[in-house]
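Per TrEMBL, the features are:
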DOMAIN    20-300  domain 'ABC transmembrane type-1'
DOMAIN    331-565  domain 'ABC transporter'
TRANSMEM  16-37  transmembrane segment
TRANSMEM  57-79  transmembrane segment
TRANSMEM  127-152  transmembrane segment
TRANSMEM  158-179  transmembrane segment
TRANSMEM  247-265  transmembrane segment
TRANSMEM  271-291  transmembrane segment
Amino acid sequence: MLHSIKKLIGDKGRQLIVPIVLMSLDAIGSLVMYLMLYFTVVHLLSGTLSGTLVRNYTIVCLISVILRLIIYRSGYFLCFSRGAKMCSNLRLQLANHYRSLSLGYFNQNSSGYLLTTLTKDLSNFELVLTHTLPSIIKTLVMGVLILTGTFFINWKLALAECVVILIALPILHQGNVLVEKYGKMKRDLTSKMVSIVLEYIKGMKVFKSANMTSTHFARMSDTLEDIRKTNVQAEVKTAVPTSMYSIVANFLLPFVLLIGSYLFLGGSIASQQLVAFMLMSLALSALLIAFEHSYGLLKELRLAAFNLEQAFDTKPLPYREEQVTLKHFDVAFDHVSFSYNLQTEVLHDIGFHAKEGSTTALIGPSGSGKSTVANLIARFFDVTKGSIRIGGKDIRQLNPDGLLQYISEVFQENTLLSDTIYNNIKAGRENATEEEIISAAKAAHCHEFIVKLPKGYQTKLSEGGNTLSGGEKQRIAIARAILKDAPILLLDESTASLDADNEAKINQALDHLMKGKTVFVIAHRLNTIQNADQIIVLNDGKIEEMGTHDMLLKKQGHYYAMVQEQQKAKEWIVKGA
């Protein structure tokens, strides 16, 4: 666990040295109370207790309490504030690290797993730094000091205490092995539950329209029931070792009293020593009980540190050039193959060249690899074989963040932030002026509906922009891309589901956006791409045909057949009953 903490927070862990030292001093200060109590009992038994001694011992205790309050408050405040600050930075580092990973990582891990790591695991790790670790250190310091003191008084009784401790600790460890095991099970179930809840909330409209709410609610209910059963099972399985540990820890005082009485009757120990051991055994017993809770929590939270380590150990996309400077924006695929799982290829030996400022249309049936080609251009994934070059440079050599400054994307599912419309458009270029933002909105034909809103550009959007229509969301996404003005545009042409007015406005906005850019269009309707400089027909991850609209029609191959199919679809009409 200490190795994990050091690995995650690095040299910043030194900031915890001072609060840990203060907590250790507080532990030493707590022993003063036991020491004064011991002296009082000794003088009481010997008949030498006086008012002066009682007053002096009381003053020492009061001073100890005041000093402990100051030390404890300072130590706790420093530990909490510095630990919380470290975890806040760690949370930002993890979010930034996620940004550097390929989309493959997010495909392999559910949203519930990622969200649980970023929230619950980090909160648990913060709990370790701010509460659990200081508590364990304080307990260990007190325990070591008390045990060391007992050996100076009587080594035989000290060994008796050690025997009880050595019996208790393996029982504690065995119990916490089970705690760790069930902690992992609960964590996995929690991640699953978060994924299901997110899916349930986001898909509510679809579930209601398809009358599937009860089915998906049942899935969520089943997962919650699994969590309940796991919690019950964990409590039942750990009850035996936990109870045994508590019994052994509480048996420390009676055991020492039994051995001590035997030694006292044999004349091997004085009454004052026996009293001292009784007090120390009482303190040790309390420490063992406190240690059980902290150690159990530490074991359970070790899983959080492990998950965080795994996330940080995931390697980001490699690159050689930190500063990305591209002068030309032609795109070339050279014998590119790609597989999501390194087993089944979704693209095979793809090769083409898109000239700078040209428009390339990608068409084909669902699953043919159109979106994968677009994702590879943006380097959301790395190719399995071959290479992709932009302006003659292999994109694997380029800093992914630097590469993306040259690329804009407008996809079917456009992500809008839970922020103002103004800031959603400004996300295209952070240093844009208000005039530039409004100009981009006008070019995207969304200025008209924005100014009609009660707060205009300062209207706050709900999560995902759910209060806007599909056409309005797409026009804001186009405005963002216009503002960014990147030389390469990845466009998922998706106006088929829009009404005529929205479609016309979006097409006008796209015409403005595409001027002078190297454009890749994922086309769903063939009549919209007839003027493309080249059309690439994909099927089962391979290029079936490539050329202009007229060239492909003359070949009367796959493209010709697709055009004929869409023509037939246009002729279909709804017939009366």
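Just so it is clear, glycine is given a Cβ too, placed from its N, Cα and C backbone atoms.
All annotation found in TrEMBL is predicted automatically rather than curated by experts.
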Quiz prompt | Considering the transmembrane segment (247-265), which listed stretch of 16-37, 57-79, 127-152, 158-179, 271-291 counts the most C-beta pairs under 8 Å | solution = 271-291
Quiz item: Which bits of the chain, at least 6 residues beyond where the transmembrane segment (127-152) starts or stops, bring a Cβ under 8 A of a Cβ in it?
Solution: 1, 5, 9, 16, 19-20, 23-24, 26-28, 30-31, 75-76, 79-80, 83-84, 86-87, 158, 161-162, 277, 280, 283-284, 287, 290-291, 294-295, 297-298, 301, 304-305
Quiz item: What stretch of 16-37, 57-79, 271-291 shows the most Cβ pairs under 8 Å to the transmembrane segment (158-179)?
Solution: 271-291
Quiz item: What is the average pLDDT across the domain 'ABC transporter' (331-565)?
Solution: 86
Practice problem: Report, as numbers and ranges, which residues of the same chain sit near the transmembrane segment (57-79): CB under 8 Å and 6 or more residues beyond its ends. | Solution: 16, 18-23, 25-26, 29-30, 32-33, 36, 39-40, 129-130, 134
